[in-house]
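Pulled from TrEMBL:
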- A:27-47: transmembrane segment (TRANSMEM)
- A:52-69: transmembrane segment (TRANSMEM)
- A:75-94: transmembrane segment (TRANSMEM)
- A:106-128: transmembrane segment (TRANSMEM)
- A:156-176: transmembrane segment (TRANSMEM)
- A:197-222: transmembrane segment (TRANSMEM)
- A:242-265: transmembrane segment (TRANSMEM)
- A:272-291: transmembrane segment (TRANSMEM)
Amino acid sequence: MIPVDLDALASCLASPACLVTQTTSGLIIGMLLFLVAVGLTLIFGVLKVVNFSHGAFYMFGAYFAMTVYQLTGSFALAILAGAAGTAILGLIFERVFMSRVYGRDVLMQLLVCYAFVLIFDDVVRMIWGPEFKSMGMPAAFQVPPLFIAGGVVPPYYLLLIGVALAAAVVLGLGLARSRIGKVIRAAAQNPGMVSALGINTGLIYGGVFALGGMLAGLAGALAAPVRSLTPGMGFSVLIESFIVTVIGGMGSILGALIGALLIGLIRSFGSLGFPLFTEGLMYLFMVIVLVSRPTGLFGKEVA
Amino acid sequence: MTELQAGQGAQTLAPPRIDARPQRYRDVLIALVAFALLALLPFIFGSKQLLDFVIRCAAYGLFATSLNLLVGYTGLISFGHGMFFGLGAYGFGLMMQKTGVPIPVAFVATLAITCVVAVVIGAICVRLKEIYFAFVTLAFQMLIHSTILSWQSLTGGDQGLRGGIPRPPFLGIDLSNHLHLYITSCALLVIGLFLMRQIAQSPFGYTLRMIRDNATRASFIGIDVWRAKLTIFVLAALFAATGGMIMALFVSGAYPEFAYWTISGEGIFINMLGGVTTFLGPMVGTVLLLILNDTVTRLTEYHGIVLGVVILFFAIGLRKGLMDFVVEWFAQRRGEASG
C-alpha cells in the first residue's frame, strides 16, 4: 500500500519545535503559491480566461532575478527585475495573443496557453540551458537562523512572508477602495458598459494581465534563492496554484490566500505523514472541496 | 397544448432514422476495407518502423477519438481523460504480471475495472460546469498519477512496470510476435472506431449533441442530462483504456507518463489539430501529431517551440482543425460550383 508514517506526523504535532519549523515552511510554500494564484484568479475574474501559461511567468521571474543578481549583485534590483520583466512580458502576451481568443471557447484559450507553455520552456532552455541552476542566498540573509520555541526559522522566510502579505493587503485594499480598483471590478462585471462609459477596456485587460504576470514573477524572484531553477519549474507551481484557486473559488482574492495557506500546510505536514503521497493529498483535498462546494470556498455562483 | 398537438410536435423532433440502416452497412464496409488495407500493409512494406507507427496510431487514435466523444459531441472538455489511458495500461500490465490469466480475460477485466472507476469519477465530475469540469478531471488525473508514483510496491513507482508484460499465446494469436501484435492492434482500432461511430450516429449520439448545444432545452424535453453525460463519460473511458492496453502491449510495460496530465493535453491537442466536427478528425490529428513529433524530435532538441508554433497556427490562424477546414473548403467549392 501507499507508505504512511502517522507516527512521524503525531510526534511532530506533539513537539513545538517541529511544529514551528513545519508551519513556517508551510507558510512560505503557501505565500509563494498565493502570489502566483492571486494573479491567476485576478486574470480569470476580469478577463474570464484561465491563464494556463501562468507558471511560465513564475519561471521567468526566477530566471530574470538570477541573471540580474549575477550581473549587479543587488538583491533588491533582482527582485525588481523579476517583477518588472514579467509584467512587460504579460502585457505583450496579452495584447498580441490572448486578446485574440477572448469570448472564444475555452478549448482555444487553453490551447494558446498550452502552446506558450511549450514555447516558453524551450526559450528558457535555449537562453539559460537545460540544467538546474541556483541563484544562492543573498549575502544580507546569510545570517544564523532564528530559533522560535526551538524551531528553526531562516530570516529570509520572514522577508518572504512579509512581502507576500504586503502584496495581499495592497491588492485587497486597492481593488476595494481605489478608483482603478473600482474600474477593474466594473470591467469584470460588465465590460461593455465600462467601455461605453469611455474607459479603454483593452488597456484594463492588458494591465490586469501584466499585474498578474508581475505577481507571478515576484513569486519566482522571491523563490529563486530557496529553490533550484529549471525549465519547466513553472508547471508544478501552476498545477498547485490551480488547486489553490479552485479551492478558494475562482476570482476571489481572500479565497486564494486561504487556499494557498491550506495547501502550504497540507504540503509541509503531509510530507511527514505521507512522504510519497503529499501531492495526492492536495488533489484529494481539492476533490473533497469541489464535491461539497463546486464553486470553491469563497467563490460566488456564476450565472 | 392538446395531446394531439404534443404528439405532432414529437414526430417532427424524431431523429431521421430512415437513413440509419444503410449508413450502418456503409460503416461496416468502410471498416472492413480499412482493416483489410491495414492487414495487407506488412506484406507490401515490411518495414518494422512503419508497423510500429501504425500500432502507436492505434493506441493514441482510440484515445483521441474517445476524447472527441466528450469534447466534440457532448461539449465536456475533459482535461483528465488520460487517466483512463494510464489506468488501462497499468490495469492490464499488472493483471498479466501478477495473475497470469489469459490475455482476453485480462482485457475484459481491465475494462470492468475502468468502468467502475469511471462511474465513480464521472458521477462526481459531470455535474460541474465547463471550466470546473476541466479542473476536477485534471485533479483526478493527477490523483491517479501520484497514486501510481507513491504505491511503489505495486506499480514500481517512477520506474514504471518493469520486467515486461508476459504475452502468452491464445486462440492461435501470439502477441509477442510483432506481426500478430500489429494485426491485433489494427483489429482493436477498427472495431473501436466502428463502435464509437455507431454511438455517435445513434439517437443517443444526437442526444449528446443536443446537450452540447443547449443542455437546458434537453432537460426540458425530458432528457436526464446527468445520466447521459455519465454514460458517455464511462463509454469514452472504456475506449481510452483500450488504447492504453495497446500501448502497454506495445512497449511491454507501463510508465507513470501514461497517466500524466500531458497525455490528456496531447489528446486535446490532437482533437484540435484534426478537428472536432468530423468523426475521423481526431484520427487524422493523431497521425499528424505522431509524424510531427517524430520528425521534429529528429531535427531539433527544441521541439516544444515547433509544436507550440504549430498549435498557435491552428488555434489563432486557422481557428479550426484540419478536417474541419477541409470539409468547409469542399462545401464552399460545391456551393460555388452549383451557384
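Note: Cβ is positioned from N, Cα and C throughout, glycine not excepted.
Unlike curated entries, TrEMBL annotations are predicted automatically.
Within the same chain, the transmembrane segment (A:52-69) packs against the transmembrane segment (A:106-128): three or more Cβ pairs sit under 8 Å, each pair at least 6 residues apart. Counting Cβ pairs under 8 Å to the transmembrane segment (A:156-176), the top-ranked stretch among A:27-47, A:75-94, A:106-128 is A:27-47. Count of Cβ pairs under 8 Å against the transmembrane segment (A:242-265): among A:27-47, A:75-94, A:106-128, A:272-291, the largest is for A:27-47. Residues of the same chain lying 6 or more positions beyond the ends of the transmembrane segment (A:106-128) and with a Cβ under 8 Å from any Cβ of it are 49-53, 55-56, 59-60, 63, 67, 93, 97-98, 100, 229, 231-232, 234-235.
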